[in-house]
Amino acid sequence: MTIALALHGGAGTLRRQDMSAEQEKAYRKGLERALDAGHAVLLAGGSSLDAVCACVCALEDDPLFNAGCGSVYNLDGKQEMEAAVMDGSLQDAGSVTGLSQVQNPVLLARAVMERTPHVTLGFTAAEDFARRIGQPMQPPAYFHTEKRWQALQLEMERLAQGGGDEDIPEDRKHGTVGAVALDEQGRLAAATSTGGRTAKWPGRIGDTPMIGAGTWADSHCAVSGTGHGEYFVRAAVGHEISARIRHLDETLASACDAVVHGQLLKMGGSGGVVAVDRWGRVALPFNCEGMYRAAIDGDGRRLIAIYGDED
């Protein structure tokens, strides 16, 4: 049976001239490490859900990416992390929001799906649940990175000078990690995790934990998004891609293109998705300058890329 896997580490203004060779190497290594983690699960006959969680955990544990230990700061100088998983074979899902101490939010999202009658838990109640089931917790220092702290200071200065939402630099708007997979049983799954937007309002909830927006999986496709979350919510990006496949008989590539380069862009939203369908075809579209991405499609073709001119 065919297996396939794709992941992203965020989208935005990613240009060669803005990144040193050492930085680029580190990002590519991080993507490769996450891809290998998920691929090993699939090669061993594991489930698509296990594979996407393995990918996302690897990215949450890498401070280069805006999730887990690399999460950005909100206006109060704190992290509020979010994550979601969806099992396409059951069309079941779990998500969490407002986390500040959970080491791997994606695993808590999975626990919500598998161990509670609910789809979403948030804030202190979600963290209380994490403690009850023994998930690893970390102090604030674990989630601190100087890069994210300095980004908050720059954003606070910009806001103090009257900068509007339309003026936010791309690298402070975007930043999410996610993965999609097809296993040898034909099951599809998606997982997404994020620290959100730099200097977001406390309590802000983005597209990642909203099932059908930044995260979606069913028997036709699995989708994980990254970008300006408010637009992903308004466009119901993940579900819209699936709906176009189901109701318009579009291919995965054409459905993704219509939403990312059409509907989303017309609304003013920027970002991208990684997606896989039940035949192992992979799509990695984005409407900004770059997206950290990696994939192994159903034919075994492997890709690790960052910039817009990489195939």
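Placement of Cβ uses the backbone N, Cα and C atoms for every residue, glycine included.
These figures come from a predicted structure and were not determined experimentally.
Less than 8 angstroms from the CB of T176 (active site, nucleophile) sit H8, G10, N66, A67, T192, S193, T194, T208, G214, G225, T226, G227, each of them six or more residues away in the same chain. Secondary structure from DSSP puts T176 (active site, nucleophile) in a beta strand. Residues annotated as active site, nucleophile in TrEMBL: T176.
Reduced to three states, the DSSP call for R204 (substrate binding site) is coil. Annotation comment: TrEMBL describes R204, I205, G206, D207, T226, G227, H228, G229 as substrate binding site.
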Need the DSSP three-state call for G229 (substrate binding site) to compare against my parser.
helix
Which one, from the binding-site residues R204, H228, has the smallest tally of other C-beta atoms lying within 10 Å of its C-beta?
R204
If you skip the near sequence neighbours and keep only those at least six away, which residues in the chain come within under 8 angstroms of G229 (substrate binding site), Cβ to Cβ?
G196, R197, G206, D207, T208, A213, G214
If you pair up every Cα among R204, I205, G206, D207, T226, G227, H228, G229, the residues annotated as binding substrate, what's the maximum separation in angstrom, rounded to an integer?
16
Sort out for me which one of G206, G227 has the most neighbouring CB atoms within 10 A, since those are the binding-site residues we care about.
G227
